[in-house]
Amino acid sequence: MKYIVVTGGVMSGLGKGITIASIGRNLKNKGYKVTAIKIDPYINIDAGTMSPYQHGEVFVLRDGGEVDLDLGNYERFLDTELTRDHNLTTGKIYQEVIAKERRGDYLGKTVQIIPHITNEIKSRIRKVAARSGADVCLVEIGGTVGDIESMPFLEAVRQMHREEPSENIVFIHVTLVMEDLQGEQKTKPSQHSVKELRALGLSPEVIVTRSKTPLQESAKEKIALFCDVPQELVISAHDAADIYEVPLEIEEQGLTTRLMKHLKLESSVEDNGWREMVSRMKSTTEEVKLAIVGKYTNLEDSYLSILEAVKHGGIDNGCKVEVNMVEAETLEEDPAEIEKLRQFDGILIPGGFGGRGTEGKMLAIKFARENDVPFLGICLGMQLAVIEFARNVVNLENANSTEFDEDTPYPVIDILPEQTGVADMGGTMRLGDYDAILKDGSLATKLYGTNYIVERHRHRYEVNPEFVDRLESFGIVFSGKNKNRMEIAEIPDKRFFFASQFHPEFRSRPGRPSPPFKGLVRAMCKYNKEKEGQ
């Protein structure tokens, strides 16, 4: 097994995840099987209970793992499927070590950070890498060098560097190069970051610099000199117009070839599919506008996978999608704001929890339904679409979800039976892959090209089966079902009115977009042309 370990310095949020995903993409283009592990030094067991404002979206894996959004980038760039074990946290490591101590696995020894915690970290990394069957395992250590939380993980990979043959492991350090008011790039923070890393016994073989503009030659020379790496291994990862261009920028600087040389990997394969996808993305001329009506709109990372899936749909349809975030509560506070939705070619209601903003979202759904604007609802978005339909078409006054109103006379959305009495929040929802059977002749079947699908879920509430017949008698169709569970709702006489209980965005890939997103963008393009022809 070959390991590429990536650390970060100066500040968090530099883009280590995109860097590691880009390196992995380039290695995959050379014919290698690549997997990736994200280490998060927080004490949480997983990301499932974190606020989107704290940590961005919670990405859901096929096995139900609720993980850091970087794993979403890994899956999209590498076109692979990971598991919950690919996300290590301090909480998971300590939980396992304490469980072993309670069982007596350590035979009465004093349990310490070294060797017990570090051994557990190394064991987890190696087991995940081996099970994946990959040629190369990428390991990203979250946070910033110098953070106390990261110390056990850095010590563990230091030991791995000592234990593995030199041709089996390489260290890459991602750091920030800032510019002063005159535009000169300052390397001192990067130098100090590498110095701090070296104090921990780690010497990076490659330094990747994050900057607004391409790294100047003088800055590259300084970093090479003071950080003791060859100048050709100081790589500029400057801001790109789109993250999918980053693998190409890194490739042009020869990093992939040099990594292969260090790791003694040989390949004559050259897959240009990624380059062709980026070329298609950059050559789009048509543009449409999408409104995402949500409650976490102040931080776009809260809806990262949705934004990427929309982009994938745009690439496939040959058009650029301009996304506008609309705060749902503003629609509640000022109904006049609803009229502003007329400028958009499509409306999307994403998933979420809690009652805040739900009435505003339903106003947006009503607008889309009544004005025949292409609409996509996801998870809570589907539930709210059903509530809106029940209230305004079926005339079930005060219909609601028991999540928001336990005393509603018409609980068209109710808690999953198995969720009744569940006390713990973490890892207890209906999570991960579940299948669905699609109705023949439905929009769902046309989008997917099959009547059997598997998609990822994250929810506690569902459409109440007791109301299905009554709702369908008024024109809504539940075209996807998992036994007696409603997975998809659509209104056939609309341009595009599609809502899913599952999260299709988590399986969307560049070059292989999620069918609902592909269909939404196609409908938006058609609607836009119809409006222009009026």
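Backbone N, Cα and C atoms are what each Cβ position is placed from, and that goes for glycine too.
A quick note: this is a predicted structure, and the numbers were derived from the prediction, not measured.
For the CTP site, Swiss-Prot lists ASP147, ILE148, GLU149, LYS186, THR187, LYS188, PRO189, SER190, GLN191, LYS222; matching the candidates SER12, SER401, SER442 against that entry yields SER12. ATP is bound by GLY13, LEU14, GLY15, LYS16, GLY17, ILE18 in Swiss-Prot, and the record lists one more residue there from ASP68, ASP70, ASP79, which is ASP70. Swiss-Prot lists TYR53, GLY352, LEU380, GLY381, MET382, GLN383, GLU403 as L-glutamine-binding residues, and of the candidates ARG456, ARG460, ARG470 the one it assigns to that same site is ARG460. Considering only the recorded positions LEU14, TYR53, GLN191, HIS503, CYS379 (active site, nucleophile) has HIS503 as its nearest partner by CA-CA distance. Max Cα-Cα distance over the annotated ATP binders (GLY13, LEU14, GLY15, LYS16, GLY17, ILE18, ASP70) is 12 Å. By a simple count of nearby Cβ atoms, those within 10 Å, the most crowded of the binding-site residues GLN191, GLN383 is GLN383. For GLY15 (ATP binding site), the Cβ neighbour count at a 10 Å cut-off comes to 21, with all displayed protein chains included. Residue density at LEU14 (ATP binding site): 19 other Cβ atoms are found within 10 A of its Cβ, drawing on all protein chains shown. Annotated pair GLU505 (active site) and GLY381 (L-glutamine binding site), C-alpha to C-alpha distance, rounded: 13 Å.
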